[in-house]
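Colleague: Right, I'll just put the structure down here and ask away after.
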Amino acid sequence: MMNLNNPNLKVGVIGVGNMGQSLIKGFIDSKTLPAENVVVFNRSKEKVINLQESHNVTEASSIEELVDQCNVIFLSIKPQDLSNLLENISNKDIDNKIFVSVVVGVSISFIEEKLDSTAKVIRLMPNTPCLIGHGVTAMAYNNRTDNQEIKLVSDLVKSTGEVIEVSEEQMDAVTGLSGSGPAYVFMLIQALTSGGVKQGLSHEQSKILAAQTVQGAAKMVLETDKHPEELKDMVSSPGGTTIQAVQYLEDNAIRGAFMKAVELSSHRAYEIKQGSQQGNDDSDNKQD
């Protein structure tokens, strides 16, 4: 079985849009893989040329050639393009190859149906902070993939941030939470920044204070055993400034607003999945 220490391990990435590039750069910049072991294919040659100049990747002349050369194949294309791609390679020998999908709203069973019922398929749901190596990616897989193969893909993807295993049934919820979540946090940072400016701070001062506060608070949640509610109470002195602000946020149902946002995004992910697998994709996927 291939592992990261095997010099013959070849990893292919089909589609080098934002997410495809984040994977490629993560593999190489973290020294998880040498550049010569990364093979790419993309319809836009300009993006491939840029990657060759910056990261010295190898370009495959066709998708078929990439599949022949690689042990692990990342699919990072638009949902509406996936069906034709899979049908074009369905006659290839895919024994012992792992297909890793980063395609929004497409189930493992859809890929199995188009390829082969014995295909090894892993589905990922990353988020945009993966672009800078600080993302989180949810991972689900079918029962044809063994523990070594799951570890191999997990180790590859960890070059872009954290990896958490979930069941495929939880993927829509993951989309609503961590997939769309950066947008919620960006809105929070912008709102805090505007609040600082309103109180007389410069925009740059406010932005740094807001962003560092969010980053620091997140690290406290991850690095302590304390519940977020307990950490909030640690800041809220009786009769102090923070509790006044917290009461206002509670009165305006901030918790419910975030919970509803996750719910609506998750529901939309389900709708997109249904449409994608019927050939009527209308998602905002920007991977290719």
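Every residue gets a Cβ built from N, Cα and C, even glycine.
Feature list, courtesy of TrEMBL:
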DOMAIN    10-105  domain 'Pyrroline-5-carboxylate reductase catalytic N-terminal'
BINDING   I14, G15, V16, G17, N18, M19  NADP(+) binding site
DOMAIN    168-271  domain 'Pyrroline-5-carboxylate reductase dimerisation'
Colleague: Mind tallying the domain 'Pyrroline-5-carboxylate reductase catalytic N-terminal' (10-105) by DSSP state, helix then strand then coil?
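Modeller: The composition, in the requested order, is 44 helix, 18 strand, 34 coil.
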Colleague: CB neighbours of G15 (NADP(+) binding site) within 10 A?
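Modeller: If we count other Cβ atoms within 10 Å of G15 (NADP(+) binding site), we arrive at 28.
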Colleague: Suppose you look only at the domain 'Pyrroline-5-carboxylate reductase catalytic N-terminal' (10-105); what would the mean pLDDT be?
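Modeller: Over the domain 'Pyrroline-5-carboxylate reductase catalytic N-terminal' (10-105), the predicted model scores a mean pLDDT of 94.
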Colleague: Please list residues from the chain of I14 (NADP(+) binding site) whose Cβ is under 8 angstroms from its Cβ, counting only those at least six apart in sequence.
Modeller: G20, V40, F41, N42, I63, L66, I73, F74, L75, S76, I77, L85
Colleague: Count the residues of the domain 'Pyrroline-5-carboxylate reductase dimerisation' (168-271) that DSSP assigns to helix (H, G, I), to strand (E, B) and to coil, and report the three numbers in that order.
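Modeller: Its residues divide into 88 helix, 0 strand, 16 coil.
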Colleague: What is the total of other Cβ atoms whose distance to the Cβ of G17 (NADP(+) binding site) is within 10 Å?
Modeller: 18
Colleague: Say we define neighbours as other CB atoms within 10 Å of the CB. Which of the binding-site residues V16, M19 has the fewest?
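Modeller: Sparsest of the binding-site residues V16, M19 by Cβ contacts within 10 Å: V16.
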